[in-house]
Structure formats: C-alpha cells, structure tokens
Amino acid sequence: MTTPMKIAITGVSGRMGRMLVDTIDTSDAVTLSAALERPGHDWIGRDLGLALGGTERGVLVSDDIDSALADSEAVIDFTSPAATIRFAQAAARVGAIHVIGTTGMTEQEIAQIDAQAAGAVIVRAGNMSLGVNLLVQLTKRVAAALDEDFDIEVIESHHNQKVDAPSGTALMLGEAAAEGRGVSLDAVSDRGRDGLTGARQKGDIGFVSVRGGDIVGEHDVLFAAQGERITLRHVASDRSVFARGALKAALWARHRAPGAYDMLDVLGLKDG
C-alpha cells in the first residue's frame, strides 16, 4: 500500500488553509505534516487542532519554512505573491513539490517562481477546480471558432475580502480567449471602463470584477454579437473544490520530473 503523502499547508489560519486541513482529514492518500503561518501570527507555537478550536493533533503551527518543508513531500500554498516566492525558494532547496494557488502575481514574480522549477516540481494555477479548467479549454475553442464580430467579456464575482482583481481565474480565461484568437492578451485587454470611454474597440477582451458578501467564485465568459449571445459559466459553491484540486495536483506531481506544470497537465487537458 502506498504511504500517505506528507503535506505542509501555508497560511493555515486562512479560508483556504482551513479548508485544506479539513480536506486532508478526509483523505487516506495524504497526511498533514506541517502547518505554517507568517512570523508574528497569534497561532505560532500553538497546536493546530487547538488553534482551530478542536482537539490536539500533534502539529504545531510554525513560521520556520525550511524545517517544515524538510519533513514534507509537498507544500500547498494559497498566500501572497511575496510569500509564495519565499516558499518556492525553500521548496527548491529541499526538493519539495510546490502546489501554488496564489493569485495576483506580476510577470516578474511568476518568473522568479518558475526559475525554481529547474530543480523542483511546481504546479501553479489560478484555479484548481476541474470545472474551471474545462471552462478554460472551452473558452479557447469557442474563441477560435468565432470571429471578432463576437465581443468577449469575462465577468468574475468573489467575496468582499478578495484583494486582487481581475481574479487569477478570470485572467486564465482571458488568456484562453486570446490564445484562441491568436492574439496577445496584453494587446487586447480592457480592464477598466469609467466615464466617456467611447465605443468598444473591436477585438478587445473586457474584464468586469464584482466583489460582495461571501461569494466563493463565479466566472462567466460572454461572447456577444448582433442578435445572439453565448455564455460559458462556472459557479463554485464550496471552497472544497479548490482544496481537492490542490491535493490532486500534489499527488499527481509525486513522481514527476522537475519542471513547471499547471492544472491542465494534472487533468490531462493540455492541447497536444
């Protein structure tokens, strides 16, 4: 029987950190080996189970990245761009798999992270769910099939605590639409309309971000032409879909060669 994979969780006090702990607890394939939080956090040094309001579980919350990863096969990371860069460097030092769900990164930050893939396995995705990654592929195919008479808009909705916009998933969808049309997203992206903007530019890919309440995540890709519209839609009602996807990515990466991968690789959806 395969030994359960030892997983470290970063940002363990946050929404996704807690969901990952709960999801690990329901799986026989993985086990929680380390719980990490930022230096100075109230949970540092406390038993994770007690910090979560339950019983002791024998895992102390730590801010010592190297020690935590030395006893882990993989680290799952839904934190901030700056923290993710540090985790990528630490994971590469010890050869741990790094599964990244952090969003809001610049191209320079992504390059810093991907540079660590020379000696480590990195799986990075703006969204870990099966449904969203299928939506990405569908978006690319529909965009390729339709001409510029169809305007493309990506509309995303999230809870009122989300700090980046557009969401990482929205950008994935925008990239897919641009790739389908054979253009660069940077050249056609329209992320802000206010005041007298003038008519919509033909070929642009627009983004709309909604923030409110406790919305987990909703994404629509609208293809609108004269007399007809097509909408591709995904709704996440529970963060467990992201946690399950992240664990699937870690298990998939267990015996992979060093390199930078994404969820399309994990799910076998990559073209070619």
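The backbone N, Cα and C atoms fix where each Cβ goes, and this holds for glycine too.
Listed in Swiss-Prot:
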ACT_SITE  His158  active site, proton donor/acceptor
ACT_SITE  Lys162  active site, proton donor
BINDING   Gly11, Val12, Ser13, Gly14, Arg15, Met16, Glu37, Gly101, Thr102, Thr103, Ala125, Gly126, Asn127, Met128  NAD(+) binding site
BINDING   Arg38  NADP(+) binding site
BINDING   His159, Gly168, Thr169  (S)-2,3,4,5-tetrahydrodipicolinate binding site
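Positions of Swiss-Prot features highlighted on the structure.
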{"residue": "Ser13", "record": "NAD(+) binding site", "contacts (Cβ under 8 Å, 6+ apart)": "Glu37, His41, Trp43, Ala51, Val61"}
{"residue": "Arg15", "record": "NAD(+) binding site", "contacts (Cβ under 8 Å, 6+ apart)": "Arg239"}
{"residue": "Arg38", "record": "NADP(+) binding site", "contacts (Cβ under 8 Å, 6+ apart)": "Gly11, Asp63, Ala83"}
{"residue": "Ala125", "record": "NAD(+) binding site", "contacts (Cβ under 8 Å, 6+ apart)": "Ile100, Gly101, Asn133, Gly168, Met172, Gly245, Ala249, Asp262, Met263"}
{"residue": "Asn127", "record": "NAD(+) binding site", "contacts (Cβ under 8 Å, 6+ apart)": "Gly101, Asn133, Gly168, Thr169, Met172, Gly217, Phe242, Gly245, Met263"}
{"residue": "His159", "record": "(S)-2,3,4,5-tetrahydrodipicolinate binding site", "contacts (Cβ under 8 Å, 6+ apart)": "Arg211, Gly212, Gly213, Asp214, Ile215, Val216"}
{"residue": "Lys162", "record": "active site, proton donor", "contacts (Cβ under 8 Å, 6+ apart)": "Arg211"}
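Geometry remark: the residue listed as 'active site, proton donor/acceptor' versus Thr102 (NAD(+) binding site), CA distance 15 Å. Listed in sequence order, Asp77, Phe78, Thr79, Ser80, Pro81, Ala83, Thr84 are the same-chain residues at least 6 apart in sequence whose CB falls under 8 Å from the CB of Thr102 (NAD(+) binding site). Farthest C-alpha pair in the NAD(+)-binding residues Gly11, Val12, Ser13, Gly14, Arg15, Met16, Glu37, Gly101, Thr102, Thr103, Ala125, Gly126, Asn127, Met128: 22 Å apart. When the binding-site residues Gly11, Gly168 are compared by the number of other CB atoms within 10 angstroms of each CB, Gly168 has the fewest. Other C-beta atoms found within 10 angstroms of the C-beta of Glu37 (NAD(+) binding site) number 24, with every protein chain shown included. Close to the recorded (S)-2,3,4,5-tetrahydrodipicolinate site, the chain also has Thr103, Gly126, Asn127, Glu156, His158, Lys162, Asp164, Ser167, Ala170, Gly217: residues not among His159, Gly168, Thr169 whose Cβ is within 8 Å of the site's Cβ mean position. Secondary structure at Arg15 (NAD(+) binding site), as computed by DSSP, is helix.
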